[in-house]
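Enquirer: Structure incoming, see below.
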Amino acid sequence: MNVYMEENRNNRGKLSVLGLFALAISGIAPTGSMAYSTTATARVAGYNVPLSFLLGGLGILCVALCFAAMAKHIAGAGSAYAYNKAAFGEKGGFITGWVMVFAYFVLLISQPGLTANYVNVFLHHFGITWSINWMTFIIIVSMWIISLFGIKVTSKIAFITEGVSLLILIILSAIILIKAGMSGTIDPKPFIPHNNYGGIGQGMIFAILSYAGFEEISTVSFRAKNPKHTVPRTLIWTVILIAAFYLTVTFVEVNGFGIKNIAAFANSPSPLDALSSTYLGNAMAMVMDLAILLSGLASVLGCANACAYMMYALGANHYLPGFLGKFDENLNSPKNAVDVTMIMCAIAYAIFGVPYGYQVVYSNASTLGVMGLLIVYMMVCIGSGIYFARRSDVHFSWFRHFLIPLVGVAVLILPFLSNIYPVPKFPGNLYPYIIIIWVVIGLIVSYVKDKGDRSSVTDED
């Protein structure tokens, strides 16, 4: 009985598989991806949008398998930091975590302004218009307050918001398929290449970006029940289920607009809104806009949690100020890290969003953040191979521990290099240098910590 009570106490406030899945979904924000990423894919892949998402999903599945393999053995705070610490040593793990903090933070900056615009689009149906800047700060403060109530509460809210938006999109997709099927206009061509292999490959870039965020649950793995079992399963099944969802919705979008009308799809400012209006009228368009809004809120919450928990991990390991590494047991959250994360987000938006607009912030911060995530993904893929090659107590599989990481890196190289060459226009040409500067700062932080550790040892002697 005592053991049972102790287990219950230890699991109090911790995440179940459903809670982990909710956080993963909020990190990906699939409804938002289907609202905007698909048009960019259609411009290069034509009507083969589903094929780009299928191939991109297979690549990301390889990355998820690498994360899952590491998660089976390591359940420390900080995900990639903890994984690559085991693979490359302390410094390699720290640099991976350092880049991950950067990626999550700039992705967080990109979301509130975009979500504020979603609010305006929805309110426009009622003849109401709000200041996007004021709405952005309201969203930041609201998500800040929610984040303080612990990972279990935030996962439930994320599950409700993203779950409702997904349900709305699934209903829309089903109705379009039924109507298109009854009229005989469903065409299987989206899954058949039409001599546009280069375009399909380019479309994979946007598809891969639509899966980014699946790994956020590994950041909070130590807050999960039985993490070495639940986290790996959730990572893999999240990618598989989201891939199936993306394939269905992109197929519906292409057929909804029509194979011969793919240009209208590619140039649509809001394809889901357009399809809702066409097939179900303006009332459904309003509901669809609500779904996109809810997905945006879930995304802000997911990014905020991931960034705060990474800061907490680095604070607990003395790379960042010690107060960031404290966990508030009453609130069941890393309160200090949450506070710093959201205050910095508000300041960053005040500096860049207010004068330049949410579009500029979103386009630049999201691209920069995803570039950081791609680096982390590749480092974890490489690290997983090294980790298992060194483990004498674990059988090394050439398929699971060599081929899968190799495919993962190969798939991720394309979208990363596409943001470097051809050299983008300003400020895109500065992105690689910003990341390099951040890494250099990380090396300095690591050097200062190592020097402090050596001084402490000397003083003790």
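Cβ coordinates are placed from backbone N, Cα and C, and glycine is handled just like the others.
Just lifted these from TrEMBL, have a look:
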- 51-71: transmembrane segment (TRANSMEM)
- 92-110: transmembrane segment (TRANSMEM)
- 130-150: transmembrane segment (TRANSMEM)
- 157-177: transmembrane segment (TRANSMEM)
- 197-214: transmembrane segment (TRANSMEM)
- 235-252: transmembrane segment (TRANSMEM)
- 290-315: transmembrane segment (TRANSMEM)
- 336-358: transmembrane segment (TRANSMEM)
- 370-389: transmembrane segment (TRANSMEM)
- 401-418: transmembrane segment (TRANSMEM)
- 430-448: transmembrane segment (TRANSMEM)
Enquirer: Residue list, the transmembrane segment (290-315) vs rest of chain: Cβ under 8 Å, 6 or more residues beyond ends.
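Expert: Same-chain contacts beyond the flanks: 23, 25-27, 29-32, 35, 76-79, 81-82, 94, 97-98, 100-101, 104-105, 107-108, 111-112, 114-115, 118-119, 121-122, 139-140, 143-144, 146-147, 151, 154, 157-158, 161-162, 164-166, 168-169, 213, 216, 219-220, 223, 272, 321-327, 333-334, 336-338, 340-342, 345.
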Enquirer: Does the transmembrane segment (336-358) reach the transmembrane segment (401-418) with at least 3 CB pairs under 8 A, where each pair is 6 or more residues apart?
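Expert: No, the transmembrane segment (336-358) and the transmembrane segment (401-418) are not in contact.
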Enquirer: For the transmembrane segment (157-177) and the transmembrane segment (235-252), check the count of CB pairs under 8 Å (sequence separation 6 or more) and say whether it reaches 3 or more.
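Expert: Checked: the transmembrane segment (157-177) vs the transmembrane segment (235-252), in contact.
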Enquirer: May I ask whether the transmembrane segment (430-448) has at least three C-beta pairs under 8 Å with the transmembrane segment (51-71), counting pairs 6 or more apart in sequence?
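Expert: No, since the transmembrane segment (51-71) and the transmembrane segment (430-448) share fewer than 3 Cβ pairs closer than 8 Å, they do not count as touching.
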Enquirer: So, taking each listed stretch (197-214, 235-252, 430-448) in turn and counting its Cβ pairs to the transmembrane segment (92-110) that are under 8 angstroms, which one gives the highest count?
Expert: 430-448
Enquirer: State, in range form, which of 197-214, 235-252, 430-448 has the highest count of Cβ pairs under 8 Å to the transmembrane segment (401-418).
Expert: 197-214
